[in-house]
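Among the features that Swiss-Prot reports, active site, proton acceptor is placed at Cys215. Residues or ranges marked as substrate binding site in Swiss-Prot (evidence: similarity to another entry): Ser106, Gly107, Trp108, Gly216, His217, Arg252, Asn433, Leu434, Ser435, Pro436, Ser437, Thr467. The Mg(2+) binding site annotation in Swiss-Prot covers Asp177.
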Amino acid sequence: MASKNMVNPAVEPSMEDDLFAREVAEVKQWWSDPRWRYTKRPFTAEQIVSKRGNLKIEYPSNAQSKKLWKILEGRFQKRDASYTYGCLEPTMVTQMAKYLDTVYVSGWQSSSTASSSDEPGPDLADYPYTTVPNKVSHLFMAQLFHDRKQRHERLSAPKSERSKLQNIDYLRPIIADADTGHGGLTAVMKLTKLFIEKGAAGIHIEDQAPGTKKCGHMAGKVLVPINEHINRLVAIRAQADIMGVDLLAIARTDAEAATLITTSIDPRDHAFILGCTNPSLQPLADLMNTAEQSGKTGDQLQAIEDEWMAKANLKRFDDAVVDVINSSSSIRNPKDVAAKYLQAAKGKSNREARAIASSLGVPEIFFDWDSPRTREGYFRIKGGCDCAINRAIAYAPYADAIWMESKLPDYEQAKEFAEGVHAVYPEQKLAYNLSPSFNWKTAMPRDEQETYIRRLAGLGYCWQFITLAGLHTTALISDRFARAYSEVGMRAYGELVQEPEMELGVDVVKHQKWSGATYVDELQKMVTGGVSSTAAMGKGVTEDQFH
């Protein structure tokens, strides 16, 4: 008869509570680090540790996150900036590493060039949510490989010769685009987990609604309420804490140009929601439904909506109150009353603001924010820099950096935003999108373009990035080379590619060596005792022509 198979438990029951208490103490010690001095966590160390498994895993993302924090902390304190751009593929990441200290992975670029479904499209975040983490992995694995390759080359040379060899830090921290999180809070947590597993040092997440997400420079953006986006930021931090990683969370707000919001549930959003001030109009949705049922379509429906909107006289509630104050014959000193109202109503809910107006003797105000709601049920909102500042202040305790998406590279607006945030949180790091969607030639003269990053850095924008520079530079050289190649054949390759590579010392000119052929030969020789008749870089390799 076979003996009973004894299987060990996952953890010794007599030690379980002691191990838990020890790990909780370690987490509390971790959270006491100055790194977290501005971070608010609405959960406990006990809750975090209880969500971990018994096997402790050390993620490379943690080392990269610490490195990124050190970079941004140093830049912010010196009112300097780390600036980078969206990287497309491994060739690009190795060239960026020579000159830039961070790497960006764009959702827009991934959507158009690297969807995990292989179906390209615009930046609507409708690609599988593994897409951007997979691109992070693609680049991070390349970073690790080229770091190994370079280290081997240096250690294979005498110390006296190493000054002639490259000593590039290929392990530049990667910051990636998490869009809106691709779903609810558990989706945000799973996405965060993927980014950490793939090697990201930081991620940014925006306050748009997931089903209607748009590129920051498209129309039709729909915001979620402030509390919903805070929950996303908390979800990111909680997941990173469970995994023991210092991942940076960057909060992006699209409030500057947004026109819609999903709900009026958060009082912090109330001051920016638009209401109809014309009591003679029926609700827009009712009007549109009636028109549809009568057979109207397309342009006819649009004309009906446009006419309704023109008559509705949509306003923020505060603006409606001030207009009533200024037009009321019963109010003496309307300027003083308006100032008192605006000061008292700041940050208040609509119900509270109505009560304040009434207490100051303001006549009853007709203001209906349900009447203009869209067919999808969204409320209309008047965005702007003030709306973005309001949201940034709410996000600050939960975010390592904050980014306001903007329509133009407007220094004065960037200054207004920075000063608004820093009036409440002076140590808040800021990020800025140096977008290729802007027409830089018409936006500012060349000398101002050259100083723009530096001027923004002085305001606290310590991380700046061109989202799609990888895409545009690839398109530019591809168009230029393809055109010339079609006209002059191999002369185009020599003049436009190979000769400039050699003159500028671009290492990819020796593409076999760049790809790691020498390194892999040495791996093979190590295994076979030092000799390999099939070495890739042996006698006859054509790269000898470039010595």
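Quick reminder: no glycine exception, Cβ is built from N, Cα and C everywhere.
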Just checking: which of Asn433, Ser435, Ser437 have a Cα that is within 10 Å of the Cα of the residue listed as 'Mg(2+) binding site', counting only these binding-site residues?
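Among Asn433, Ser435, Ser437, not one has a Cα sitting within 10 Å of that of the residue listed as 'Mg(2+) binding site'.
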Which of Ser106, Asn433 (the binding-site residues) has the most other Cβ atoms within 10 Å?
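Comparing the binding-site residues Ser106, Asn433, the most crowded Cβ belongs to Ser106.
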Let me check the 10 A CB neighbour count of Trp108 (substrate binding site). How many other CB atoms are there?
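Taking every protein chain into account, the count is 23.
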According to DSSP, folded down to helix, strand and coil, what is Ser437 (substrate binding site)?
coil
Near the Cβ of the residue listed as 'Mg(2+) binding site', how many other Cβ atoms are there if near means within 10 Å?
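For the residue listed as 'Mg(2+) binding site', the 10 Å Cβ neighbour count is 27.
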I need the least crowded one of these binding-site residues (Ser435, Ser437), counting other C-beta atoms within 10 angstroms of each C-beta.
Ser437
Need the DSSP three-state call for Trp108 (substrate binding site) to compare against my parser.
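The three-state answer is helix.
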For Asp177 (Mg(2+) binding site), what is the secondary structure by DSSP, using just helix, strand and coil?
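Note: Asp177 (Mg(2+) binding site) is in a strand by DSSP.
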